[in-house]
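What TrEMBL annotates here:
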DOMAIN    10-480  domain 'Citrate transporter-like'
TRANSMEM  12-30  transmembrane segment
TRANSMEM  42-61  transmembrane segment
TRANSMEM  160-183  transmembrane segment
TRANSMEM  340-372  transmembrane segment
TRANSMEM  384-402  transmembrane segment
TRANSMEM  427-450  transmembrane segment
TRANSMEM  470-494  transmembrane segment
TRANSMEM  514-533  transmembrane segment
């Protein structure tokens with residue numbers, strides 16, 4: 001149920017499936033209720049919760065919109081755009097988790113590809129695979145890395161130094177494979193309406209800025225969207241100004257709009273003749289609904305009198321100035337709020353690099369952001385993916401009960417003598433075991449099952465080998481998610497988001513992912529292992 005969320009005979013989903021497994025472990029007395037509660041690793045749950053809240057605030061502060069703009073800024077064509085998708089999604093996933101990046105970037109990337117007449121498949125595969133590879137670099141990049149960091153006691157800095165070089169090489173290798181695999185499709189020139197053929201163009205900056213992220217799930221709020229008054233303290237600036245102008249027109253139907261007045265003033269100043277024709281738009285009154293504009297031929301002095309009469313209500317002009325001042329203040333408040341969010345996030349990353357407790361560091365950053373928002377936190381906390389937290393709780397109990405049956409120990413004893421990390425053959429066999437289990441039983445249960453056993457086997461060699469074994473497990477279990485469409489939650493998010501995208505929908509099939517995923521996963525895993533082992 002963890003791998004196939006819609007099992008035909010019981011389509012309850014992965015969260016309910018993990019709880020069902022936990023309940024059966026207690027019901028059949030594999031473990032006691034007390035042992036079941038103690039099996040839940042609260043530091044991991046706290047770290048997950050804290051990072052999700054921080055991600056919600058980063059998305060509200062338009063961090064991911066800026067990343068989207070970076071993808072298309074001065075892009076030089078389809079191949080350059082594909083390379084940028086790989087780099088940006090990898091680094092963003094290392095800091096904000098791979099699931100979050102896939103949620104907020106999928107629809108934007110799909111829109112850019114569609115608008116520029118580019119095939120969506122290579123860009124969607126680039127997002128999914130690069131997000132998985134990039135998330136391997138840090139303990140907060142994905143859920144299995146959180147488990148490894150807490151269970152092993154490896155600090156944030158040590159984890160980063162051990163896996164980051166492999167991540168860089170892996171992302172570049174994956175990008176090269178993508179370019180080679182889709183070179184022919186990316187080289188096809190699109191026909192324009194005039195019949196001329198030009199290379200792929202990149203969407204304009206205004207198109208990027210106007211795009212709104214609409215994530216489906218992990219339940220993160222879209223970029224700074226002041227329509228959500230419960231979640232965001234600042235109202236929409238643009239809609240307020242539009243509303244105020246509409247109200248002004250309704251109050252005085254005989255007063256021309258500001259744009260028309262400015263047009264008349266410019267025409268008056270530019271005039272060098274004593275007479276000129278000025279077109280002034282008038283708002284129809286109740287008696288004459290049909291008249292929308294009239295032409296007058298008047299002298300300059302008469303024109304001045306018309307404009308002065310139109311601008312007569314001095315209090316309304318003062319009101320406009322007050323509204324402009326209010327708008328400027330609101331913009332300044334939003335800028336200060338965004339800066340605070342970025343600084344708090346940066347402080348959290350610095351604290352993690354200093355080796356402070358990861359769970360409490362993330363929770364502290366989340367609570368500071370909630371406090372500085374100065375609004376009821378309920379609306380924002382509702383966007384936390386509690387289903388993922390419940391999934392972890394059920395998985396902890398299920399795996400603990402499975403370990404007590406003795407079956408995992410028996411299977412590991414058969415493999416352990418041949419999978420020691422002090423030899424190349426042992427590392428290769430261990431990688432194959434992790435790769436297969438991660439796709440059969442999902443990567444989080446694989447880490448929970450193999451983590452302590454792999455570490456104990458490596459500890460018998462040396463203390464340094466134990467840390468190396470944890471890093472190998474982190475690298476292989478994460479990159480293994482690229483093998484099939486079902487190997488990672490990030491893959492499923494990209495697939496579902498692309499399929500449900502309005503106007504730009506695309507169906508990324510299992511076999512299209514598999515054809516690219518198999519060679520990419522094998523090559524990237526092997527190259528990364530060489531770098532991780534040498535650490």
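Glycine too: its Cβ is placed from the backbone N, Cα and C atoms.
Caution: TrEMBL annotation is automatic and unverified by curators.
The transmembrane segment (384-402) makes no contact with the transmembrane segment (470-494), as judged by fewer than three Cβ pairs under 8 Å among residues 6 or more apart in sequence. When pLDDT is averaged over the domain 'Citrate transporter-like' (10-480), the result is 75. Note on the transmembrane segment (514-533): residues 125, 129, 133, 136, 162-163, 165-167, 169-170, 173-174, 177-178, 181, 421, 427, 431, 435, 468, 471-472, 475-476, 479-480, 482-485, 487 of its chain, located 6 or more positions outside it, place their CB under 8 angstroms from a CB of the stretch. Scored on C-beta pairs under 8 angstroms, the neighbour of the transmembrane segment (470-494) with the top count among 12-30, 42-61, 160-183 is 160-183.
Beyond the transmembrane segment (340-372), the same-chain residues lying 6 or more positions past its ends with a Cβ under 8 Å from any Cβ of the stretch are 42-44, 46-47, 49-51, 53-54, 57-58, 60-61, 63, 95, 139-140, 149-150, 155-157, 160, 380-381.
Sequence-distant contacts of the transmembrane segment (160-183), counting only residues of its own chain at least 6 positions beyond either end whose CB sits under 8 Å from a CB of the stretch, comprise 79, 82-83, 86-87, 90, 94, 119, 121-122, 125-126, 129-130, 133-134, 136-138, 154, 353, 467-468, 471, 474-475, 479, 482, 516, 519-520, 523-524, 527-529, 531-532, 535.
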